[in-house]
Amino acid sequence: MLDKVKKLIEYYEEVLSMPHRQEIARELRNEEDLFLLLLYSEMIGIPNPVYYYTLELYPYMIEKFHDWHLRMGMEKSPLTGIRCC
Amino acid sequence: MNGILLALIGLVVYALGFRFYSKYVAQKIFRLDPNYVTPAHRYKDGVDYVPTNKFVLWGHHFTSVAGAAPILGPAIAVYWGWLPAVLWVVLGTVFAAGVHDFGTLVLSVRNKGQSVGTLAHKLVGQRAKILFLFIILILVLMVNAVFAWVISNLFVSYPSSVIPVFIQIPLAIWIGYAVYKRSKKMLLPSLAALVVMYVTAVIASRVDFLQIDLVAYMGGADADGLFGLGARNSAFLIWIVILMIYVYIASTLPVWKLLQPRDFINSHQLVVGLLILYLGLVFTNPEVAAPAFNSNATDVSWFPLLFITIACGAISGFHGLVSSGTSSKQLDKETDARFVGYGGAVGEGILALISIIAVVTLFSGTDAFSAVYSSFGEASASGLGNFVEGAAVLAQGLAIPSDIAATIVSVIVVSFAATTLDTSVRLMRYIIAELGVEYKVPTLTKTHVATSIAVVSSAILVVLPEGGGRGFGAGGYLLWPLFGTSNQLLAGISLLLISIWLKRQGRNYAVTLIPMIFLMFMTLWAMFQQVVFQWSWFGSDSNMLLFVLGAIIFVFAVWIVLTAFQALSGRITPPVDEDKKDVG
C-alpha cells in the first residue's frame, strides 16, 4: 500500500516537473550554444585570441556541433574547418 | 433522476467510448503502428522532443486542456434543461472531441510533430494558414474578454475569493524562484502554496475585513459609484482595469517566474476540484429536480445554440493546439496517442459532466429552476454563480461549510480563468508580432506595443457590450457564443485537416468528416441567427461591435467550408516540398 502511494506521488511529481524540465533543458542548451560560439568564433570571423587552444576541444565537441547545426536548420556543417558530416 | 446515476451513465458511456470506439479508430482508421519512430525519438533533443511515459504525458496534456471553459459552458447550457446538455457533452466527447484530440495528435506525430497551423499550410496551402492565424487571433481575443469578465464577476459576487487569489501571485513567484534558482522539488512547495491559499480562503470567508467588497466600499448596490455608473458597474470596471494591468505585467514576464509555477498550483486545484465534486456527489446523493427539458426556454432555441454554448467539454479546437504543439513531440510510442489524446478529451468530458450535475442538483424543483434560469440572458449572466453555489452544496457532503466551499470553488474557477487569461494574452502578443513580421510593420513586433494592443482591445471588448441596460458586468456573456464559435471553427479546421490527410492515405475518413460537417453546420447556423436576427441594426439586440465580430467569424466559417470542399474533392493539390511523402 505504502509503495503504491509512493509510486502515485512520484507519478504526480513527474507530471508536474515535465514543463519545468523542458525549460531548464532549454536554458542549458542556450548556454551551451553560447559557449560553442565563444570557442569557435574565429570561424565566423570574430577574432579569438585563444582559438589555438580551444581547437584542442575539437574532438570532444564534434558531436555536439553536429547536433547544433542540424538544430539551426543546416543539413551540412556550415564551417569548412569542422567536418562532422 | 438521481445525481449519482446520471454521473454513472455518463462515465459508463465514456468508458465504452474509450474501450471500443477509440480502439476501432486507432486500429482501423489511424492504423497506429507500435514500431513507427515517433518525432520524440527521431528528433530527440532533450528539450522539445523527449519520449515520455504515456501516463505522465496524459497528466500533462489533461492539465493543459482543462480549465474554466468546460465549467462555464455547461453552467449556461443547462438553461434548456439538463438532458440536451448531458447528451451533447457525453456524445460530443465520445464521437467528436475524442476523435479530434486523438486525430490532431496522430496527424502531428506522422508529420514531424508539426503544429496544426503548419500542417494547414502543408495540406491545403498558404490561404489556410492565414485563415488559421486569424481564427486563433479572434479566439484569443474572445478568451481574454470572456475570462476577464468571468474573474471580475466572481470577484464582485464572492469578495472573499479576492485575497486567496491574489496571494497565489507572490506564492507562485516564490515557487518559481525556489524551483528554478535552487532546483528544489516542486511538489512540496506547490502543495504548501495550495494550503496557504485555502487557509486564507477559509479565514477570508469568515472575517469581514479580509473580503475586498468594492460594492460595499462604495456604499452598497444602490450607491452612485464612479462617474454615476452605479456601485456594481463601477466595481466591475475597477476589477477589469486591475486585471488588465496584471495581465500586462504577467504576460511580459518570463514563463518560469509566474505562469509555470501557477500551473503547478492549478494542477493540484484541478485534482482537488474534481475530488470535492465527485466525492461530494457520492456523499450527498442529490436528486436532479431541475427539468430534463426546460419548456419555458422559448426566447432562444437550443437548436443550434447549444452546440456553441458548450464548446470545451464537448469539442474544442484549443485541444488541437496542445495535441499538435507539445504532446506530439513527446509521444513515446504511436499507440500511446489513443490514451493521451482520446483520454485527455474524456478527462475534460468528466469535468464538464460534473459541472452540469453540480448546477442541476442545486434546484429543488422546476419552479426554483425557472426562477433563476428565466431567460437565456439571465442563464448566461448567472450560470457561473449557479455552478459555484451548486458545487458548494456538493462540498457540504464532505462536511465543508457552504460559505467556505463557495469561496474555495470560486478561487479554483478564478485561478483557472486567470492562467488561461495570462496564457492567451501572451499568445495574442506573439500572434500580433507574427503578423507584424508578415506584413512588415516592425513596430508591432515590439513587446510592449504588441502587449498594449492585446490588452487594450480585450478591455474594450469586455466593457463595450452592455447587456440590455443591465450594466457592464451583465454584458460579457454576450461574448460567450462568439468564443464558442471561434473555438468550434478551429476544431472544424483541424478535423478537416485530419480528413484530408486520411483521404490522401486512402482510408475511411467518415469518422472525422461527419463531426466536422455537423460542427460547421451548427456553428454556421447559430452564427447566422445571432448575427442577422440579434445583433444587426434591425435585430432584437442591436450591437454593432458584436455584429462586426460575428460577421467576420461567419465569413471565416464560410471560407473554411468552401476550402474543405475544394480540398476534399481533390481540386487543391498540396504544395510541393521535400516533406510531401510524409503528408500525402
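Using the three backbone atoms N, Cα and C, a Cβ is placed for every residue, glycine included.
Taken verbatim from TrEMBL:
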- B:2-365: domain 'CstA N-terminal' (DOMAIN)
- B:85-109: transmembrane segment (TRANSMEM)
- B:130-151: transmembrane segment (TRANSMEM)
- B:163-180: transmembrane segment (TRANSMEM)
- B:236-259: transmembrane segment (TRANSMEM)
- B:271-290: transmembrane segment (TRANSMEM)
- B:302-322: transmembrane segment (TRANSMEM)
- B:342-363: transmembrane segment (TRANSMEM)
- B:368-526: domain 'CstA N-terminal' (DOMAIN)
- B:404-427: transmembrane segment (TRANSMEM)
- B:448-465: transmembrane segment (TRANSMEM)
- B:477-502: transmembrane segment (TRANSMEM)
- B:509-532: transmembrane segment (TRANSMEM)
- B:544-565: transmembrane segment (TRANSMEM)
Checklist line | Same-chain residue ranges lying at least 6 outside the transmembrane segment (B:130-151) that approach it to Cβ under 8 Å | finding: 68, 72, 116-117, 120, 239-240, 243-244, 247, 317-318, 321, 384, 413-414, 417-418, 420-421, 424-425, 427-428, 431-432, 434-435, 454, 457-459, 461-462, 473, 476-477, 479-480, 482-483, 486-487, 489-490, 493, 549, 552-553, 556, 559-560, 563
Check: Would the transmembrane segment (B:85-109) count as touching the transmembrane segment (B:509-532), i.e. at least 3 C-beta pairs under 8 angstroms with sequence separation of 6+?
Finding: yes
Next item on the list: State the non-local partners of the transmembrane segment (B:85-109) in its own chain: residues 6+ outside its ends, Cβ under 8 Å from one of its Cβ atoms.
Entry: 6, 10, 13-14, 16-18, 21-22, 25-26, 30, 32, 36, 38-39, 65, 74, 77-78, 115-116, 119, 306-307, 310, 313-317, 319-320, 323-324, 327-328, 331, 334, 337-338, 340-342, 344-346, 348-349, 352-353, 356, 491, 494-495, 497-498, 501, 511-512, 515, 518-519
Next item on the list: Give the one range among B:163-180, B:236-259, B:302-322, B:404-427, B:544-565 whose Cβ atoms make the most pairs under 8 Å with those of the transmembrane segment (B:271-290).
Entry: B:404-427
Notebook entry, point to check: Sequence-remote contacts (6 or more beyond its ends) of the transmembrane segment (B:302-322), Cβ cut-off under 8 Å?
Noted result: 61, 64-65, 67, 69-70, 73-74, 76-77, 80, 84-85, 88-89, 92-93, 96-97, 100-101, 104, 115-116, 136, 139, 344-345, 348-349, 351-353, 355, 376, 480-481, 483-494, 515, 519, 521-523, 525-527, 529-530
Margin query: Give the nonlocal contacts of the transmembrane segment (B:404-427) in its own chain as ranges (CB under 8 Å, at least six residues past its ends).
Written below: 66-69, 71, 136, 140, 143-144, 147-148, 150-151, 154-155, 157-158, 160-161, 164-165, 168, 197-198, 201-202, 204-206, 243, 247-248, 250-251, 258-259, 262-263, 265-266, 269-270, 272-273, 276, 384, 387-389, 391-392, 395-396, 451, 454-455, 458
Next item on the list: Report the listed stretch (B:236-259, B:477-502, B:544-565) having the maximum count of Cβ pairs within less than 8 Å of the transmembrane segment (B:163-180).
Entry: B:236-259
Next item on the list: Quick one: average pLDDT across the domain 'CstA N-terminal' (B:368-526), no decimals.
Entry: 87
Next item on the list: Would you kindly list the residues that approach the transmembrane segment (B:236-259) from elsewhere in its chain, counting only those six or more residues past its ends and only Cβ-Cβ distances under 8 Å?
Entry: 144, 148, 151-153, 155-156, 169, 172-173, 176, 180, 214, 226, 229, 419, 421-423, 425-426, 429, 447-448, 451-452, 454-456, 458-459, 462-463, 471-473
